[in-house]
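Novice: Please see the structure below; I have some questions.
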Amino acid sequence: MSPPSSIFFHASTILFGVAAMLLNIRLIATYFSYNHSAKRHFSTLFLSLFLYLCYNISSTVYAAECAIGLISANWSKQFVFWSGCLTFSLNFVIVVCNCCITVDRIVAMRKPVFYVVRYSRYCRTLSIVLMLICFVSIFFWYSKGITTAPASTPSFAFVSKGTVIQAVGSAKNVVSLLSVGVTLVFIRETRLFLRKQLNHQIYINVKMANQIVVIQLIAEAVFMIFPDMAVLLFSFFGISLLTIVGPIVVPSCEAYTLACAALLTVKLRKTQKSQRVSTITPKSF
(Lines of atoms letter the chains of each structure in order from A; the text may use other names.)
(Lines give C-alpha, C1' and ligand atoms only; values in the text may rest on other atoms or scores of the structure.)
Protein backbone atom coordinates (compact mmCIF):
# COMPACT_ATOMS: atom_id res chain seq x y z
CA MET A 1 0.00 0.00 0.00
CA SER A 2 1.75 3.16 -1.19
CA PRO A 3 1.12 6.65 0.24
CA PRO A 4 -0.27 7.94 -3.10
CA SER A 5 -2.93 5.20 -3.17
CA SER A 6 -3.80 5.87 0.48
CA ILE A 7 -4.10 9.60 -0.20
CA PHE A 8 -6.35 8.82 -3.17
CA PHE A 9 -8.71 6.72 -1.01
CA HIS A 10 -8.76 9.33 1.77
CA ALA A 11 -9.45 12.10 -0.76
CA SER A 12 -12.27 9.98 -2.22
CA THR A 13 -13.71 9.56 1.26
CA ILE A 14 -13.72 13.32 1.82
CA LEU A 15 -15.27 14.00 -1.61
CA PHE A 16 -17.97 11.35 -1.22
CA GLY A 17 -18.57 12.37 2.39
CA VAL A 18 -19.19 16.05 1.69
CA ALA A 19 -21.50 15.26 -1.25
CA ALA A 20 -23.46 12.66 0.75
CA MET A 21 -23.65 15.03 3.71
CA LEU A 22 -25.35 17.74 1.65
CA LEU A 23 -27.82 15.31 0.07
CA ASN A 24 -28.69 13.66 3.39
CA ILE A 25 -29.35 17.02 5.06
CA ARG A 26 -31.70 17.91 2.19
CA LEU A 27 -33.47 14.53 2.42
CA ILE A 28 -33.96 14.86 6.17
CA ALA A 29 -35.55 18.27 5.62
CA THR A 30 -37.80 16.72 2.94
CA TYR A 31 -38.93 13.98 5.32
CA PHE A 32 -40.33 16.49 7.81
CA SER A 33 -42.56 17.95 5.08
CA TYR A 34 -44.47 14.65 4.63
CA ASN A 35 -47.92 13.99 6.02
CA HIS A 36 -48.52 11.73 9.04
CA SER A 37 -49.16 8.49 7.13
CA ALA A 38 -46.16 8.87 4.84
CA LYS A 39 -43.93 9.71 7.80
CA ARG A 40 -44.93 6.45 9.49
CA HIS A 41 -43.97 4.40 6.43
CA PHE A 42 -40.68 6.22 5.94
CA SER A 43 -39.73 6.72 9.61
CA THR A 44 -37.34 3.77 9.95
CA LEU A 45 -36.06 4.28 6.42
CA PHE A 46 -35.26 7.93 7.03
CA LEU A 47 -33.78 7.03 10.41
CA SER A 48 -30.89 5.60 8.40
CA LEU A 49 -30.22 9.07 6.97
CA PHE A 50 -29.32 10.36 10.44
CA LEU A 51 -26.92 7.44 10.82
CA TYR A 52 -25.44 8.05 7.36
CA LEU A 53 -25.00 11.74 8.20
CA CYS A 54 -23.10 10.85 11.39
CA TYR A 55 -20.92 8.49 9.37
CA ASN A 56 -20.32 11.15 6.70
CA ILE A 57 -19.05 13.60 9.32
CA SER A 58 -16.97 11.04 11.23
CA SER A 59 -15.33 9.42 8.20
CA THR A 60 -14.58 12.79 6.59
CA VAL A 61 -12.80 14.00 9.73
CA TYR A 62 -10.92 10.69 10.04
CA ALA A 63 -9.87 10.68 6.37
CA ALA A 64 -8.77 14.33 6.54
CA GLU A 65 -6.49 13.61 9.52
CA CYS A 66 -5.00 10.55 7.78
CA ALA A 67 -4.44 12.44 4.53
CA ILE A 68 -2.80 15.37 6.33
CA GLY A 69 -0.59 12.92 8.22
CA LEU A 70 0.54 11.23 5.01
CA ILE A 71 1.35 14.56 3.35
CA SER A 72 2.97 16.43 6.24
CA ALA A 73 3.93 13.57 8.61
CA ASN A 74 2.31 15.62 11.37
CA TRP A 75 -0.56 13.66 12.89
CA SER A 76 -1.95 12.52 16.23
CA LYS A 77 -2.08 8.81 16.96
CA GLN A 78 -4.82 9.35 19.55
CA PHE A 79 -6.95 11.37 17.14
CA VAL A 80 -6.60 8.79 14.35
CA PHE A 81 -7.43 5.97 16.76
CA TRP A 82 -10.54 7.51 18.34
CA SER A 83 -11.91 8.97 15.10
CA GLY A 84 -11.26 5.55 13.56
CA CYS A 85 -13.12 3.85 16.42
CA LEU A 86 -16.11 6.11 15.80
CA THR A 87 -15.99 5.69 12.01
CA PHE A 88 -15.65 1.91 11.96
CA SER A 89 -18.25 1.47 14.71
CA LEU A 90 -20.74 3.48 12.65
CA ASN A 91 -19.73 1.41 9.62
CA PHE A 92 -20.76 -1.73 11.52
CA VAL A 93 -24.04 -0.16 12.66
CA ILE A 94 -24.96 0.73 9.07
CA VAL A 95 -25.14 -2.99 8.25
CA VAL A 96 -27.32 -3.55 11.34
CA CYS A 97 -29.51 -0.60 10.34
CA ASN A 98 -30.09 -2.10 6.89
CA CYS A 99 -31.31 -5.33 8.52
CA CYS A 100 -33.70 -3.30 10.69
CA ILE A 101 -35.05 -1.44 7.66
CA THR A 102 -35.68 -4.68 5.79
CA VAL A 103 -37.51 -6.22 8.76
CA ASP A 104 -39.53 -3.00 9.06
CA ARG A 105 -40.62 -3.34 5.42
CA ILE A 106 -41.61 -6.99 5.93
CA VAL A 107 -43.84 -5.97 8.85
CA ALA A 108 -45.34 -3.14 6.77
CA MET A 109 -46.26 -5.56 3.98
CA ARG A 110 -47.75 -8.20 6.26
CA LYS A 111 -49.77 -5.76 8.42
CA PRO A 112 -50.06 -2.52 6.42
CA VAL A 113 -52.96 -1.00 8.37
CA PHE A 114 -51.70 -1.91 11.83
CA TYR A 115 -48.24 -0.78 10.76
CA VAL A 116 -49.47 2.79 10.33
CA VAL A 117 -51.41 2.70 13.61
CA ARG A 118 -48.89 1.00 15.89
CA TYR A 119 -46.20 -1.26 14.46
CA SER A 120 -44.13 1.47 12.79
CA ARG A 121 -43.47 3.04 16.18
CA TYR A 122 -42.44 -0.34 17.62
CA CYS A 123 -40.12 -1.06 14.70
CA ARG A 124 -38.51 2.36 14.94
CA THR A 125 -37.97 2.09 18.71
CA LEU A 126 -36.52 -1.43 18.51
CA SER A 127 -34.27 -0.37 15.64
CA ILE A 128 -32.89 2.58 17.61
CA VAL A 129 -32.28 0.43 20.71
CA LEU A 130 -30.57 -2.32 18.70
CA MET A 131 -28.36 0.13 16.81
CA LEU A 132 -27.34 1.92 20.02
CA ILE A 133 -26.45 -1.40 21.68
CA CYS A 134 -24.38 -2.44 18.65
CA PHE A 135 -22.64 0.92 18.45
CA VAL A 136 -21.69 0.98 22.14
CA SER A 137 -20.54 -2.66 22.04
CA ILE A 138 -18.40 -2.28 18.90
CA PHE A 139 -16.96 1.06 20.01
CA PHE A 140 -16.01 -0.46 23.39
CA TRP A 141 -14.50 -3.46 21.58
CA TYR A 142 -12.41 -1.22 19.34
CA SER A 143 -11.37 1.03 22.25
CA LYS A 144 -9.53 -1.88 23.87
CA GLY A 145 -7.36 -2.38 20.79
CA ILE A 146 -5.04 0.64 20.76
CA THR A 147 -1.41 -0.34 20.24
CA THR A 148 1.38 0.77 22.57
CA ALA A 149 4.10 0.79 19.91
CA PRO A 150 4.55 3.96 17.82
CA ALA A 151 2.92 3.85 14.38
CA SER A 152 4.58 5.13 11.22
CA THR A 153 1.40 5.38 9.12
CA PRO A 154 -1.71 7.42 9.99
CA SER A 155 -4.27 4.64 9.64
CA PHE A 156 -6.63 2.90 12.04
CA ALA A 157 -5.20 -0.44 10.91
CA PHE A 158 -1.74 0.61 12.16
CA VAL A 159 -2.77 2.14 15.50
CA SER A 160 -5.18 -0.66 16.48
CA LYS A 161 -4.49 -4.32 17.21
CA GLY A 162 -5.04 -6.62 14.25
CA THR A 163 -6.78 -9.24 16.37
CA VAL A 164 -9.48 -6.75 17.37
CA ILE A 165 -10.00 -5.56 13.79
CA GLN A 166 -10.26 -9.15 12.54
CA ALA A 167 -12.71 -10.11 15.29
CA VAL A 168 -15.01 -7.17 14.57
CA GLY A 169 -14.66 -7.82 10.84
CA SER A 170 -15.79 -11.42 11.33
CA ALA A 171 -18.78 -10.24 13.38
CA LYS A 172 -19.64 -7.77 10.63
CA ASN A 173 -19.53 -10.52 8.00
CA VAL A 174 -21.93 -12.61 10.12
CA VAL A 175 -24.35 -9.67 10.24
CA SER A 176 -23.95 -9.22 6.47
CA LEU A 177 -24.88 -12.86 5.90
CA LEU A 178 -27.89 -12.38 8.18
CA SER A 179 -28.80 -9.33 6.11
CA VAL A 180 -28.72 -11.46 2.96
CA GLY A 181 -31.11 -13.97 4.58
CA VAL A 182 -33.51 -11.21 5.64
CA THR A 183 -33.30 -9.76 2.13
CA LEU A 184 -34.45 -13.07 0.62
CA VAL A 185 -37.49 -13.03 2.91
CA PHE A 186 -38.11 -9.40 1.92
CA ILE A 187 -38.04 -10.30 -1.80
CA ARG A 188 -40.54 -13.11 -1.23
CA GLU A 189 -42.87 -10.85 0.76
CA THR A 190 -42.60 -8.15 -1.89
CA ARG A 191 -43.68 -10.55 -4.64
CA LEU A 192 -46.71 -11.61 -2.59
CA PHE A 193 -47.53 -7.99 -1.79
CA LEU A 194 -47.38 -6.83 -5.42
CA ARG A 195 -49.92 -9.48 -6.43
CA LYS A 196 -52.58 -7.64 -4.42
CA GLN A 197 -52.40 -4.62 -6.76
CA LEU A 198 -54.34 -2.34 -4.41
CA ASN A 199 -54.56 1.41 -4.96
CA HIS A 200 -55.22 2.40 -1.36
CA GLN A 201 -52.83 5.13 -0.18
CA ILE A 202 -51.37 2.85 2.50
CA TYR A 203 -50.40 0.26 -0.10
CA ILE A 204 -49.01 2.97 -2.36
CA ASN A 205 -46.78 4.21 0.47
CA VAL A 206 -45.62 0.65 1.22
CA LYS A 207 -44.82 0.04 -2.45
CA MET A 208 -42.85 3.27 -2.74
CA ALA A 209 -40.87 2.59 0.44
CA ASN A 210 -40.11 -0.93 -0.79
CA GLN A 211 -38.74 0.39 -4.07
CA ILE A 212 -36.37 2.64 -2.14
CA VAL A 213 -35.26 -0.26 0.07
CA VAL A 214 -34.55 -2.43 -2.99
CA ILE A 215 -32.27 0.31 -4.32
CA GLN A 216 -30.47 0.49 -0.98
CA LEU A 217 -30.04 -3.28 -0.85
CA ILE A 218 -28.44 -3.33 -4.30
CA ALA A 219 -26.10 -0.48 -3.31
CA GLU A 220 -25.24 -2.27 -0.05
CA ALA A 221 -24.31 -5.45 -1.94
CA VAL A 222 -22.09 -3.57 -4.41
CA PHE A 223 -20.33 -1.17 -2.05
CA MET A 224 -20.28 -3.02 1.29
CA ILE A 225 -21.03 -6.75 1.27
CA PHE A 226 -18.98 -7.74 -1.80
CA PRO A 227 -15.84 -5.79 -0.72
CA ASP A 228 -16.05 -7.18 2.83
CA MET A 229 -16.49 -10.73 1.55
CA ALA A 230 -13.57 -10.25 -0.86
CA VAL A 231 -11.32 -9.11 2.01
CA LEU A 232 -12.42 -12.12 4.09
CA LEU A 233 -11.93 -14.56 1.19
CA PHE A 234 -8.40 -13.35 0.45
CA SER A 235 -7.50 -13.48 4.15
CA PHE A 236 -8.14 -17.25 4.13
CA PHE A 237 -5.24 -17.55 1.67
CA GLY A 238 -2.98 -15.33 3.78
CA ILE A 239 -3.42 -12.33 1.47
CA SER A 240 -4.20 -8.93 2.97
CA LEU A 241 -6.28 -7.18 0.32
CA LEU A 242 -6.27 -3.95 2.33
CA THR A 243 -2.46 -3.93 2.36
CA ILE A 244 -2.30 -4.46 -1.41
CA VAL A 245 -5.14 -2.20 -2.56
CA GLY A 246 -5.36 0.33 0.25
CA PRO A 247 -7.94 1.51 2.81
CA ILE A 248 -11.04 0.71 0.75
CA VAL A 249 -13.53 0.01 3.57
CA VAL A 250 -14.22 3.62 4.56
CA PRO A 251 -14.49 5.12 1.03
CA SER A 252 -16.61 2.19 -0.20
CA CYS A 253 -19.07 2.72 2.66
CA GLU A 254 -18.98 6.46 1.98
CA ALA A 255 -19.75 5.72 -1.68
CA TYR A 256 -22.67 3.59 -0.47
CA THR A 257 -24.17 6.45 1.56
CA LEU A 258 -23.72 8.79 -1.42
CA ALA A 259 -25.34 6.30 -3.81
CA CYS A 260 -28.29 5.83 -1.45
CA ALA A 261 -28.73 9.58 -1.00
CA ALA A 262 -28.52 10.25 -4.75
CA LEU A 263 -30.88 7.43 -5.71
CA LEU A 264 -33.34 8.36 -2.97
CA THR A 265 -33.30 11.98 -4.13
CA VAL A 266 -34.05 10.94 -7.72
CA LYS A 267 -36.76 8.49 -6.62
CA LEU A 268 -38.56 11.04 -4.45
CA ARG A 269 -38.36 13.67 -7.17
CA LYS A 270 -39.92 11.32 -9.73
CA THR A 271 -42.63 10.30 -7.27
CA GLN A 272 -43.49 13.91 -6.47
CA LYS A 273 -43.74 14.73 -10.19
CA SER A 274 -46.00 11.73 -10.86
CA GLN A 275 -48.23 12.70 -7.93
CA ARG A 276 -48.59 16.23 -9.33
CA VAL A 277 -49.52 14.84 -12.75
CA SER A 278 -52.08 12.40 -11.29
CA THR A 279 -53.61 15.27 -9.31
CA ILE A 280 -53.91 17.54 -12.35
CA THR A 281 -54.87 14.85 -14.89
CA PRO A 282 -57.76 12.54 -13.90
CA LYS A 283 -57.12 8.83 -14.42
CA SER A 284 -58.95 7.35 -17.40
CA PHE A 285 -59.55 4.05 -15.65
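Using the three backbone atoms N, Cα and C, a Cβ is placed for every residue, glycine included.
Straight from TrEMBL, here's the annotation block:
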| type | residues | note |
| --- | --- | --- |
| TRANSMEM | 6-28 | transmembrane segment |
| TRANSMEM | 49-73 | transmembrane segment |
| TRANSMEM | 79-101 | transmembrane segment |
| TRANSMEM | 122-143 | transmembrane segment |
| TRANSMEM | 163-187 | transmembrane segment |
| TRANSMEM | 208-227 | transmembrane segment |
| TRANSMEM | 233-266 | transmembrane segment |
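How buried are the listed features, and what sits near them?
Specialist: Counting only same-chain residues 6+ beyond the ends of the transmembrane segment (163-187), those with a CB under 8 A from a CB of the stretch are 88, 91-92, 95-96, 98-99, 102-103, 105-106, 138, 141-142, 144-145, 156-157, 213, 217, 220, 224-225, 228-229, 231-232, 235.
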Novice: What parts of the chain pack near the transmembrane segment (208-227), using Cβ distances under 8 Å and only residues at least 6 beyond its ends?
Specialist: 41-42, 45, 48, 94-95, 98, 101-102, 105, 108-109, 176, 179-180, 183, 186, 190, 193, 248-249, 252-253, 255-256, 259-260, 263-264, 267, 271
Novice: Within the same chain, where does the transmembrane segment (6-28) have neighbours whose Cβ lies under 8 angstroms from its own Cβ atoms, ignoring anything closer than 6 residues to its ends? I mean 6 or more beyond.
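Specialist: For the transmembrane segment (6-28), the sequence-distant neighbours (Cβ-Cβ under 8 Å, at least 6 residues beyond its ends) are 46, 49-50, 52-53, 56-57, 59-60, 62-64, 66-67, 70-71, 153, 155, 246-248, 250-251, 254-255, 257-258, 261-262, 264-265, 268.
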